[in-house]
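Visitor: Copied straight from Swiss-Prot:
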type: BINDING; residues: 69-74, 103-107, 127-128, K140, K149, 167-170; note: NAD(+) binding site
type: BINDING; residues: E182, H245, H262; note: Zn(2+) binding site
Amino acid sequence: MKTLHVELGERGYPIYIGRGLLGHPDLIQAHLPGGQVLVVTNEVVAPLYLDRMLASLAGKDTGSVVLPDGEAHKTLDSAMAVFDALLARRFGRNAAIVALGGGVIGDLAGFAAACYQRGVPFIQVPTTLLSQVDSSVGGKTAVNHPRGKNMIGAFYQPRCVLADTDTLDTLPDRELSAGLAEVIKYGFIRDPEFLAWLEANVERLLQRDPEALAYAIERSCINKAEIVAEDETETGVRATLNLGHTFGHAIETGMGYGVCLHGEAVAIGMCQAADLSRRLGWIGDDEVARVIRLLERARLPVVPPRELDADAFLEHMAVDKKNVDGGLRLVLLKSLGEATLPVAVDAGLLRATLECYGR
């Protein structure tokens with residue numbers, strides 16, 4: 001087992017990474033303040049891991065909520081189902097919520113924890129590659145609005161993150177590739193040595209080589225923890241983690257939540273961001289080709305859906321948390337291994353990317 005730390009003073013917490021961690025109840029119980037625990041999961045994860053999770057909570061007053069699977073259910077209605085379960089069991093402020101699932105469950109359960117009785121502790125138990133390397137770390141919690149992804153949320157840190165890599169054994173291939181998009185992103189935005197390693201080892205990751213996966217998860221979490229420690233609430237460097245996300249969120253919203261997985265949409269968005277960075281003269285054709293090629297090798301889509309034209313993209317991109325005073329701002333690439341903070345860009349060049357890249 002590897003143990004990393006997110007350094008946020010009194011609100012700092014450990015990230016545990018390793019195989020078989022769900023079978024070590026002492027790990028999770030050490031971070032529970034009281035005797036009441038609600039496990040929030042979904043209908044895909046529950047048959048695989050809910051009983052094991054509840055066994056790790058033996059001796060506690062436990063309950064569970066099993067929600068429908070998918071981004072389309074990351075809603076206020078689903079959050080209300082969590083609140084209903086907490087209230088039905090008369091759980092108080094010393095109760096804890098355990099998020100057992102991927103990014104949707106982690107975001108939703110964390111949001112519910114931030115809101116219930118003005119905040120109760122929660123623990124992240126991510127079961128997908130994407131959630132283990134990205135969404136479970138850093139305290140971003142949210143639900144979606146029909147007009148925009150993650151528009152209703154809060155910064156609220158977990159008590160710990162428990163990443164049992166055994167759960168990746170049951171992860172569908174498509175979900176594994178979607179998680180690799182966020183792994184690869186760290187190489188693009190700040191870690192060129194990791195990028196070179198990924199270019200040499202992406203096939204090992206697709207084959208689920210345990211050593212390669214363990215290294216990629218650890219290196220990704222180190223990058224994420226360092227960024228969060230420097231900028232918890234995204235007023236500076238944390239915004240670079242949004243490379244490809246403005247384009248990607250437009251795809252997710254425009255196509256309907258769940259049609260494209262988050263990692264798939266981000267992969268396309270990173271290619272669009274690379275194309276726009278080239279048009280601005282910051283990177284060259286060779287760098288754009290490296291971006292596209294690595295994502296293709298990770299079995300990710302690299303061209304935008306034909307159903308979304310430039311005007312549709314711009315309409316959805318106008319609803320983005322990085323925008324300032326109604327003006328669009330994007331995270332782009334200065335080089336492979338260095339991202340910009342959100343910047344305003346020439347409208348003509350942006351439209352050229354939206355109209356020409358992948359069309």
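Glycine residues also receive a Cβ, built from the backbone N, Cα and C atoms like all the rest.
Can you walk me through where each of these features ends up in the structure?
Guide: Under the three-state DSSP scheme, G103 (NAD(+) binding site) falls in the helix class.
Proximity of E182 (Zn(2+) binding site) to non-local residues of its own chain (separation of 6 or more, Cβ distance below 8 Å) is seen for L129, L130, V133, D134, S220, G263, V266, given in sequence order.
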Visitor: What is the Cβ neighbour count of T128 (NAD(+) binding site) at a 10 Å cut-off, with all protein chains included?
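Guide: For T128 (NAD(+) binding site), the count of other Cβ atoms within 10 Å is 27.
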Visitor: Among all protein chains shown, how many Cβ atoms are found within 10 Å of the Cβ of G103 (NAD(+) binding site), not counting that one?
Guide: 26
Visitor: Can you tell which of the binding-site residues G103, T128, T170 lies nearest to H262 (Zn(2+) binding site) in space, using Cα positions?
Guide: G103
Visitor: May I ask for the distance between T167 (NAD(+) binding site) and H245 (Zn(2+) binding site), taken between their Cα atoms and rounded to an integer number of Å?
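Guide: Approximately 26 Å lies between the Cα of T167 (NAD(+) binding site) and that of H245 (Zn(2+) binding site).
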Visitor: Do me a favour and check the Cα-Cα span between A72 (NAD(+) binding site) and H245 (Zn(2+) binding site); whole Å is fine.
Guide: 18
Visitor: What's the CA-CA gap between H245 (Zn(2+) binding site) and G106 (NAD(+) binding site) in angstrom, rounded?
Guide: 18
Visitor: Other residues near the Zn(2+) site, CB within 8 A of the CB centroid of E182, H245, H262?
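Guide: Sorted by sequence, the hits are L130, D134, S135, A181, K185, G244, G248, G263, A265, V266.
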